[in-house]
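To keep things clear, I will list the structure first and then write my remarks on it.
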Amino acid sequence: MAADIIDGKAFAATMREKVADHVSRLKADHGITPGLAVVLVGEDPASQVYVRNKRKQTVECGMQSFEHRLSPETPEADLLALVKRLNADPAVHGILVQLPLPPHMNADAVINAIDPAKDVDGFHISNVGLLGTGQKSMVPCTPLGCLMMLRDRLGSLSGLDAVVIGRSNIVGKPMAQLLLGESCTVTIAHSRTRDLAEVVRRADIVVAAVGRPRMVPGSWIKPGATVIDVGINRIAVPETGKTRLVGDVDFDSCAQVAGAITPVPGGVGPMTIACLLANTVTACCRANGLPEPDGLIV
Ligand code: NAD
């Protein structure tokens, strides 16, 4: 194997220590405890796991966790009323509504009902606009985690060719904005892209956020490129009768060619939650007119 493995799990653990440190200082110096409210509607099994992990890590960092579980039949008006209450609650500094929402709900309307200052997912239209125009915003957690790993690995990203595969609002588009902000030459590839292999072969940085198991083979990767695998796909393992998680990248073949690569699990996933915690501390500091935490997001 040629590539270095980018250890997102270790990176995220270090970040959580810094978050915990900031939280204890906020408590000791200002009597403030950052609070994160997570709203889960329905019983999607993957969402339940994510919400459980978020709660656990929020509490471990010394923050307050407010969890709201609503039945899948909850009327949208009830969810909007809950969001309004959380917006007004001074103990809540961050609000996260776990996606996907049930089909009868308008996710855009719900996300845009969140106070942008508490929108720690960075999905509110105001934060999207601020990010797109290079202004201070709440940055979506998954792309932020990817960017931190890229900076850590590569230092300056200026002038590098970056290809983001996937154009979703929560990963692909904000990832492309962040890379543009770092002065990369950015290509966004998607399901209608012609000759994806050729597009990816030009890239110094590849970020795969598609949701298709192992769709990027090593033969697409430019030698020495840095590969960030956002995909989380559960596949069956016939030999054991069990399942396992794989990314959007074929790890074994890509690791032969890439300079560095994130594993799945243990790459982007842990960084996403660590960035959520960091965003909550940032939101708390901004809400209280305190300086933003130094050295948390690097
Ligand atoms: P999405 O379904 O909203 O978007 C997928 C994108 O992939 C679309 O823009 C589509 O155009 C593109 N696409 C589909 N087929 C393609 C193809 N054949 N070639 C090129 N592009 C294609 O998904 P999403 O929410 O952006 O998530 C993507 C993946 O990342 C999923 O596996 C998801 O589970 C994972 N994810 C992981 C984290 C994390 O913390 N690690 C966070 C969010 C999402």
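Just so it is clear, glycine is given a Cβ too, placed from its N, Cα and C backbone atoms.
What TrEMBL says about a protein is an automatic prediction, not a curated fact.
Per TrEMBL, the features are as follows:
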type	residues	note
DOMAIN	6-121	domain 'Tetrahydrofolate dehydrogenase/cyclohydrolase catalytic'
DOMAIN	140-286	domain 'Tetrahydrofolate dehydrogenase/cyclohydrolase NAD(P)-binding'
BINDING	Gly166, Arg167, Ser168, Ile232	NADP(+) binding site
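Predicted-model confidence for the domain 'Tetrahydrofolate dehydrogenase/cyclohydrolase NAD(P)-binding' (140-286) is 98, expressed as mean pLDDT. Our reading of the NADP(+) binding annotation (Gly166, Arg167, Ser168, Ile232) yields a largest Cα to Cα distance of 16 angstrom. With the fewest other Cβ atoms inside 10 Å of its Cβ, the least crowded of the binding-site residues Gly166, Arg167, Ser168, Ile232 in this structure is Ser168.
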